[in-house]
Amino acid sequence: MSKQQIGVVGMAVMGRNLALNIESRGYTVSVFNRSREKTEEVIAENTGKKLVPYYTVQEFVESLETPRRILLMVKAGAGTDSAIDSLKPYLDKGDIIIDGGNTFFQDTIRRNRELSAEGFNFIGTGVSGGEEGALKGPSIMPGGQKEAYELVAPILKQIAAVAEDGEPCVTYIGADGAGHYVKMVHNGIEYGDMQLIAEAYALLKGGLALSNEELAQTFTEWNEGELSSYLIDITKDIFTKKDEEGKYLVDVILDEAANKGTGKWTSQSSLDLGEPLSLITESVFARYISSLKDQRVAASKVLSGPQAQPVGDKAGFIEKVRRALYLGKIVSYAQGFSQLRAASDEYNWDLNYGEIAKIFRAGCIIRAQFLQKITDAYAQNAGIANLLLAPYFKQIADDYQQALRDVVAYAVQNGIPVPTVSAAIAYYDSYRSAVLPANLIQAQRDYFGAHTYKRTDKEGVFHTEWLE
């Protein structure tokens, strides 16, 4: 009896769509779900497909060619551990488990270590692109044993999104948790992108009172230039979508932005690594403060502030906001990739930053034209400390920083909250400062806690008795 080439555990929408994606490339796929009904539903809805259902873990595992390749698409956390534990009694040494969930990278490091000790291969794999990407081609970020990756690479390359140059959006990221870490930072960058766009929207509404049709036209024009990206593209569509009553849908959506925690993970990791991930962290905080709707409504009746004054030069202001958005985006990516470098050093992953940018070019939520500029920057100088120092990005900063400053100044003077746009210029100015006022902070630390300090004019470590 012939055996299937790969198995998928978890028939929720992402697992189902990935199974269908794999099947569409000519593979036979064993499918299993903890609840029998879900498996039966998938099979009933996809008659004629090379999906073979199994209703016990043992039968599912035994249906696969060896070394077995099993893709887990189950709820991250305890659900993943439970699924792995159910599989292990039936696996042979050398079999490969691929975790495609939104898993915290430290969990992936642990599972890789534990399964390796038992002779199994474990590949923690970031998958970006949502439901449509899973079905038609996502961006895929696998990390784990390199030799195990080579055994699943043919399948992953066939199901991945394809960039304009024909290259699949998948590459080996690095050992143990590297793939899930890169996916985590991808999600953090996604948070930053979305908040920057939301602030541009607030500025255009507050400063120019643009109609939804005008906003859509503006974003359509932006999408034809430097800002060309998936998120700008969908935003132009969102502005003009109406509900069944003829109302613009975006105008009646409650202004509370939810989150699944991956942005928080990125910010927490930045603190662990000592990385100034200020813009992305502000985007996480912006979602948190948006959730304080009742408090904000009450505060709006108590706390005073300026009323936004209309801007005279409409075209000029739109261009300033566009430039501020693009430079803010560059700062966000500079912070994100700087954190990838710090993590690579900390966890010995030897990440290839140019390759990472390349696999973001299609399939994923942050896909954008300018990602090629990041790949180019690392091709020119693989050891560059920060993307802001690369010639292209330095030139953009030279040309666009005044617009960013003007937009932030307008927002502050007119009471429009722009936490990520503000964070962008604060980071830029801090990073370009040869001298910061941290000398005073270090003096304070030595004053109250004898934490010592270094001097600019002498070698060594010093402590002063400040009250003598």
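Positions of Cβ are set from backbone N, Cα and C atoms, glycine also.
Binding of NADP(+) is annotated in Swiss-Prot for Gly10, Met11, Ala12, Val13, Met14, Gly15, Asn33, Arg34, Ser35, Val74, Lys75, Ala76; the matching candidate from Asn46, Asn102, Asn112 at the same site is Asn102. Mapped onto three states, the DSSP output places Lys75 (NADP(+) binding site) in coil. Set side by side, the binding-site residues Ser35, Asn102 differ in how many other CB atoms lie within 10 angstroms of their CB, and the most is found at Asn102. Secondary structure from DSSP puts Tyr191 (substrate binding site) in a helix. Considering only the recorded positions Gly129, Lys183, Glu190, His451, Asn33 (NADP(+) binding site) has Gly129 as its nearest partner by CA-CA distance. Sequence-distant contacts (6 or more apart, same chain, Cβ under 8 Å) of Lys183 (active site, proton acceptor) comprise Asn102, Gly126, Val127, Ser128, Met141, Thr262. Mapped onto three states, the DSSP output places Asn33 (NADP(+) binding site) in coil. Its Cβ placed at the centre, Gly10 (NADP(+) binding site) has 25 other Cβ atoms within 10 Å. Ser35 (NADP(+) binding site) sits 58 Å from His451 (substrate binding site), taking the C-alpha atoms as the reference points.
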